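K.L.:
According to TrEMBL:
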DOMAIN    19-461  domain 'Major facilitator superfamily (MFS) profile'
TRANSMEM  52-73  transmembrane segment
TRANSMEM  85-112  transmembrane segment
TRANSMEM  118-136  transmembrane segment
TRANSMEM  174-193  transmembrane segment
TRANSMEM  205-224  transmembrane segment
TRANSMEM  230-249  transmembrane segment
TRANSMEM  270-296  transmembrane segment
TRANSMEM  302-322  transmembrane segment
TRANSMEM  334-352  transmembrane segment
TRANSMEM  358-375  transmembrane segment
TRANSMEM  408-427  transmembrane segment
TRANSMEM  439-459  transmembrane segment
């Protein structure tokens, strides 16, 4: 039976390489787009004469759409086929990129960013699932490591290339450069990638559950984005209550959009929790250090960006190695070591002061990148390896959702602390001491969270 399976075209070595190639290329340009666009926001504002509120919706609309549609499309992919949803996702993302490039107004740009977010959700819930489907268990970690590395490369190249493209060719060029890559992925997927993966074919789709989930998540994530105001707190609470209602509803549905019972699986549950904690603890690091380097150290954005790129570069190098190790040793153990190293680096950042050397910051960033690289690939491998094939779409969607919620929570923590220490004022030399205190406090909270994450990672088995 195993030999028969290995002889199928979709399980051939060539098909595995093609699957890894298209998934990795797609995993590169979605985070690249997100990080590159953030650099271009001031230029977009000047182009359209838009206010700060409208400009903030350019990244927020994308994140909201990606988070809201991840779980529903994970389930749809399990029913109708991973390859089909992946292909549609690439097409939607590529078309949306072109529309963003020719957007005539800020409102139309935001609408097209929502479209990009939908395509992105379809991509990241299926790319990882396809890799998990075509690679045997003893090689999956290596493939996932390469895929995760491409995410970090995209994140690290986004600010650099985005800045160069914006400076020399205008912000619209950022959206144009991904179109050829999107067309290449579409062509390879349609002509070279063999097979289809629809382990839940014929089952029904839970529309009411999807609606409850989507509304609850929109309320939750939007609440995070407007913390620490009272309205933001109320929305976060309402979002959490909505997700609890969603969980209770899903337990009573025959074919739920999300199999809540998966969290009874100790490995899946604690690995997902560890991912959420990890992203919540670390996503704000670049934001915090960017403020510190530019305000306290007086660096320009380009110089600060060069220093900050040290972290994702090390992550990109470490992730494939860690993924390969997770094929031979316990993924949970490797991820736990990575979480511990991450905690140590966050503790080191709590000692930042106006006299801290740049060399110290770079070294700690390198250690942080190493820790995150050790954690991410093995933890993802643990999640995907803990479920049956029919749940690959949902498991992949869970990984993406934990990342997005963690990112919003991380920024929510930072904004809450800043509002307490600094308030709604322009940062100037007179409140630099308060800025340093704010940065240190956020790092203390993040280090504490990450310390808890060590135990969540350790007790997964």
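Each Cβ is built from the backbone N, Cα and C atoms, and glycine gets one as well.
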K.L.:
What residues in the same chain, six or more past the boundaries of the transmembrane segment (118-136), come closer than 8 Å to it by Cβ-Cβ distance?
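P.N.:
The answer is 10-11, 15-16, 19-20, 22-24, 26-27, 30, 62, 65-71, 73-74, 77, 82-83, 85-86, 88-94, 96, 142-144, 147, 195, 197, 380, 384-385, 389, 392-393, 395-397, 399-400.
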K.L.:
Need one number: mean pLDDT over the domain 'Major facilitator superfamily (MFS) profile' (19-461).
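P.N.:
In the predicted model, the domain 'Major facilitator superfamily (MFS) profile' (19-461) has a mean pLDDT of 85.
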K.L.:
Honestly, do the transmembrane segment (205-224) and the transmembrane segment (174-193) touch, with at least three Cβ pairs under 8 Å and pairs 6 or more apart in sequence?
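P.N.:
They do not touch: fewer than three Cβ pairs between the two stretches lie under 8 Å.
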K.L.:
Any contact between the transmembrane segment (270-296) and the transmembrane segment (334-352)? By contact I mean 3+ C-beta pairs closer than 8 Å, pairs at least 6 apart along the chain.
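P.N.:
Contact between the transmembrane segment (270-296) and the transmembrane segment (334-352): present.
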